[in-house]
Amino acid sequence: MALVPLRLLLDHAAENGYGIPAFNVNNLEQIQAILKAAVETDSPVILQASRGARAYAGENFLRHLILAAVETYPHIPIVMHQDHGNAPATCYSAIKNNFTSVMMDGSLEADAKTPASFEYNVNVTREVVNVAHALGVSVEGELGCLGSLETGAGEAEDGHGFEGTLDHSQLLTDPDEAVEFVEATQVDALAVAIGTSHGAYKFTRKPTGEILAISRIEEIHRRLPNTHLVMHGSSSVPEDLLALINQYGGAIPETYGVPVEEIQKGIKSGVRKVNIDTDNRLAITAAVREACAKKPEEFDPRHFLKPSITYMQKVCAERYQQFGTAGNASKIKQISLEDFAAKYAKGELNVVTKAAAKV
């Protein structure tokens, strides 16, 4: 099976009531771990790369690593997704490099730091949708800024994140604006702001509805029942990995991620894509620290990196099971980008909101 568009997987997930973890990748070991977990659980795969990942690995290296995964595991549907595109040009360069899905994050201006107006967000996202859909490529948009409801601050990831602090009106997606945004842009997926943020330091205490607004997802889903929703910054920050890192010389303070049971609530309310990066970073770090400490005389990097694949595979397999993704890869039928482009052109994939349906 060739690379597939995101819309194919999200439509299947919606029809069958499950969510799909979208794992960020930078290197060979991450891709191997994710695909091993996918084969183990018969799960479809979303591999996503930030601008930072593309710069770190190099366009050609990253593209060929993912294409190698497609060749090695032809029975697993794989999406190649651009995470947090800061401008149309970023999305277009991703499409040129075989990405089958792009995120136009117009919640921030092109500097990836300044919160953007609603009008700006609509305009840049719609521009990308028009170009991408003509090629059969899927588009994810974002409304609201990712950041902590505890502090009002965001966590920059690869240079992407607002500076300073914002109030709750900017940190929570407005349901009315969400309806207007989806109608105006026709995005395939909508990332919503509910109090999550990038990195390991998401919450200083176990999150409750006061600082993790799953109820906002439920409200948006009631207004947009046919729209695929996305949760960003949704690593769960496993306590066992934190403990292992600190046991072998780390110094990560007490911190909390997004509980799996809260993500599962989101999936019941239309969340189809769940972004995860930190959990795999913690798995790598725990494995490498442990291997280095137990055999300090070792100098072959494979001694440190092979355990990291095992640790990440365990995390990924757990998420595939917990989100209901497992068992679905073999049920998804290939549809080409060309066929998707034709469907977009005919209006067959237009998102119809409740508000639009009443008109």
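Yeah, the Cβs are placed from backbone N, Cα and C, and that goes for glycine too.
In sequence order, Ala22, Asn24, Gln48, Ala49, Ser50, Ala53, Met103, Asn275 constitute the residues six or more apart from Asp83 (active site, proton donor) in its chain with CB-CB distances below 8 Å. Residues or ranges marked as active site, proton donor in Swiss-Prot: Asp83.
Its own atom aside, the Cβ of Ser50 (D-glyceraldehyde 3-phosphate binding site) has 23 Cβ atoms within 10 angstroms in the protein chains shown. What Swiss-Prot records for Ser50 is D-glyceraldehyde 3-phosphate binding site, and it gives similarity to another entry as the kind of evidence.
Annotation source Swiss-Prot lists Zn(2+) 1 binding site at His84, His198, His232, citing similarity to another entry. In this structure, His198 (Zn(2+) 1 binding site) belongs to neither helix nor strand by DSSP; it is coil.
Marked as Zn(2+) 2 binding site by Swiss-Prot: Asp105, Glu142. Listed in sequence order, Met103, Asp105, Gly106, Ser107, Asn121, Leu190, Ala191, Val192, Ala193, Val230, His232 are the same-chain residues six or more apart from Glu142 (Zn(2+) 2 binding site) with CB atoms under 8 A from its CB.
Positions annotated as dihydroxyacetone phosphate binding site by Swiss-Prot: Gly199, Gly233, Ser234, Ser235, Asn275, Ile276, Asp277, Thr278. Look at Asn275 (dihydroxyacetone phosphate binding site): DSSP puts it in a strand.
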Report summary line: If you tally other C-beta atoms within 10 angstroms for each of the binding-site residues Gly199, Gly233, the top scorer is Gly233
Report task. Other than Gly199, Gly233, Ser234, Ser235, Asn275, Ile276, Asp277, Thr278, which residues of the same chain sit close to dihydroxyacetone phosphate? List them in sequence order, counting a residue when its Cβ is within 8 Å of the Cβ centroid of the site. Result -> Asn24, Thr196, His198, His232, Gly257, Val258, Asp279
Query raised in the report: Given Ile276 (dihydroxyacetone phosphate binding site) and His198 (Zn(2+) 1 binding site), what distance in Å do their CA atoms have, once rounded to a whole number?
Result: 9
Query raised in the report: Near the Cβ of Thr278 (dihydroxyacetone phosphate binding site), how many other Cβ atoms are there if near means within 10 Å?
Result: 26
